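Everything on this sheet refers to the single structure shown next.
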Amino acid sequence: MKINPTTSVPGVSTLEKENLGRISQIIGPVLDVAFPPGKMPNIYNALVVKGQDTAGQQINVTCEVQQLLGNNRVRAVAMSATDGLTRGMEVIDTGAALSVPVGGATLGRIFNVLGEPVDNLGPVDTRTTSPIHKSAPAFIQLDTKLSIFETGIKVVDLLAPYRRGGKIGLFGGAGVGKTVLIMELINNIAKAHGGVSVFGGVGERTREGNDLYMEMKESGVINEQNLAESKVALVYGQMNEPPGARMRVGLTALTMAEYFRDVNEQDVLLFIDNIFRFVQAGSEVSALLGRMPSAVGYQPTLSTEMGTLQERITSTKEGSITSIQAVYVPADDLTDPAPATTFAHLDATTVLSRGLAAKGIYPAVDPLDSTSTMLQPRIVGEEHYETAQRVKQTLQRYKELQDIIAILGLDELSEEDRLTVARARKIERFLSQPFFVAEVFTGSPGKYVGLAETIRGFKLILSGELDGLPEQAFYLVGNIDEATAKATNLEMESKLKK
C-alpha cells in the first residue's frame with residue numbers, strides 16, 4: 001500500500017515548486033493551465049492554485065487534471081469554488097494524485113473531498129495519507145467465498161441477507177427510517193464484528209448531513225469525549241459544492257475504508273448516500289470537459305466510472321468492505337441509465353415502505369419487495385431458505401386477502417385463510433425490532449438478534465405453536481422468547497384490570 005507523508009496543504013501529497021504552470025482559461029469549475037514544454041502533469045495529478053484575489057483575500061484551490069489538450073496545456077476540474085481566480089495565476093503541479101488522511105484518527109471526524117477536517121475540532125492527528133486513485137484488488141487477493149454478513153436485524157437477515165463484501169441498494173423516500181437503519185448497521189458492525197464504518201455523503205443536502213452528525217453524537221455512534229471510541233468517519237461533498245468535489249468524494253470515503261480493510265484487516269461498512277449524485281456529478285463534469293453526451297444526456301463513460309468505484313468495494317483475504325448505497329431513482333424510472341447501471345453491481349436490495357412506517361412497524365423494510373442473491377439453499381442452507389419462503393408466502397397471501405377483508409370483514413374468510421391472516425399479522429409485527437440507536441428516543445433497549453434465533457422464532461410462528469398468543473406480544477421485541485414473556489405479562493395485566 002502506498003503511504004505518503006502529509007504536507008502543509010491537506011489533500012496534496014508533495015509540492016514540487018519547480019513545476020509551475022499558469023492559468024490560461026477559466027470556464028466555471030474547469031481550468032485550462034499552460035505548462036513549460038516537457039513539464040506536463042499526468043492525468044489525475046493534483047494542481048494547487050495559491051495566491052490572492054483582487055480584494056486581497058487568500059486563495060487556495062485544488063484541481064485535478066482530466067485532459068491533456070496539446071500545446072502544453074491541460075484541462076483540470078476544481079474541487080472548490082473558482083471565485084477570485086484570474087488568467088495568468090501561478091499553478092503548482094504536486095506530481096501526485098489527491099491524497100487523504102487514513103487510519104484510526106479519522107474516526108468521529110467530518111472531512112471534505114480533500115481530506116480536510118470541516119468539524120472545527122482541529123487538525124487530524126495522523127501522518128498517514130493515501131491517494132484516492134488506486135486499482136481494484138488483483139484477482140489473487142480476492143476472497144471468493146460466499147458468506148452472509150449478519151446484521152442482527154431480523155427482517156434483513158431472514159428475507160434479504162447481505163453478502164460479506166457485497167453491495168446493497170437502499171431504496172426509500174424521506175422520513176421512512178433510512179438514517180436510523182444506517183446508524184443501527186454502523187452500531188452493530190462495531191459491536192458484533194469489531195468493524196468500523198465510513199459514511200460518504202455524495203451530493204445530498206447539507207441539512208441532512210448535519211442531522212446525521214447530530215443524531216450520531218446523540219446515539220453514541222460518535223463519542224465526543226473520546227473520538228477514538230467512535231465507530232464511523234464521515235466524508236461530505238454536499239449538493240452546493242462544485243461537480244468535481246461531488247464526483248470525487250465517493251473515492252475519498254472509499255480510500256479511508258480501504259485502509260481499514262487492507263492495513264487494519266477489519267470488516268468495514270461503506271455507506272454512499274447517494275450513488276445517483278455520483279453519476280450526476282460525473283455527467284456535469286463530462287459536459288464541462290466537452291465530451292459528447294450519451295443516452296438521456298449522461299456521460300459516455302458512465303459504465304466505466306461506476307465500475308471503477310464499485311470494483312474497489314470487495315472482500316480480500318485481509319478483510320472486507322460491505323457497501324450500502326442509497327439509490328435515488330429519477331422520476332421513479334428504473335430504466336434510467338443511472339439506476340440501471342447501479343443495479344448491475346448490487347447483490348441485495350433493501351426497500352423501505354411508507355405503508356409499514358405509517359403502521360409503526362420499524363424498521364420499515366418491505367419483506368416482499370426486498371431481494372437478495374444470497375437467499376439460495378446452497379448458500380444459506382435449506383432451513384433458512386424454507387423459512388424465508390414460507391414467511392413470504394404467508395405475507396403475500398395476507399396482502400391478497402386485504403381487499404376482501406376491507407369489503408366483507410374477517411368473518412367472511414375461510415377457517416384456513418383466517419389462520420393465515422392471524423399468523424401473517426404476528427409475522428409482520430415480529431419483523432419489527434427495537435434499535436440500539438433509537439433507545440435515546442424510545443426508551444426501550446435495543447436488541448441484536450442472531451440468525452439462528454431469528455429462524456427459530458419464525459418457524460415457531462409458522463408451525464402454529466404460538467397461535468394462542470396475542471399479536472401485540474410480537475411487536476417491537478428481540479427473539480421469540482421475549483414475545484412469549486411479553487404475552488404472559490399482557491395476560492397478567494389484563495387479569496389485574498378485571
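Heads up, the Cβ atoms here are built off N, Cα and C, so glycines get one too.
Cβ neighbour count for Gly175 (ATP binding site) (all protein chains, 10 Å cutoff from its Cβ): 11. DSSP assigns Gly175 (ATP binding site) to coil in the three-state reduction, outside any helix or strand. Annotation comment: Swiss-Prot describes Gly172, Gly173, Ala174, Gly175, Val176, Gly177, Lys178, Thr179 as ATP binding site.
Taking the centroid of the Cβ atoms of Gly172, Gly173, Ala174, Gly175, Val176, Gly177, Lys178, Thr179 as the ATP site, the other same-chain residues with Cβ within 8 Å of it are Leu352, Ala357, Ala364. Its Cβ taken as reference, Thr179 (ATP binding site) is surrounded by 18 other Cβ atoms within 10 Å in the chains shown. Within the group of binding-site residues (Gly172, Gly173), the Cβ with the highest number of other Cβ atoms inside 10 Å belongs to Gly172.
For Lys178 (ATP binding site), the number of other Cβ atoms no farther than 10 Å from its own Cβ, over all displayed protein chains, is 22.
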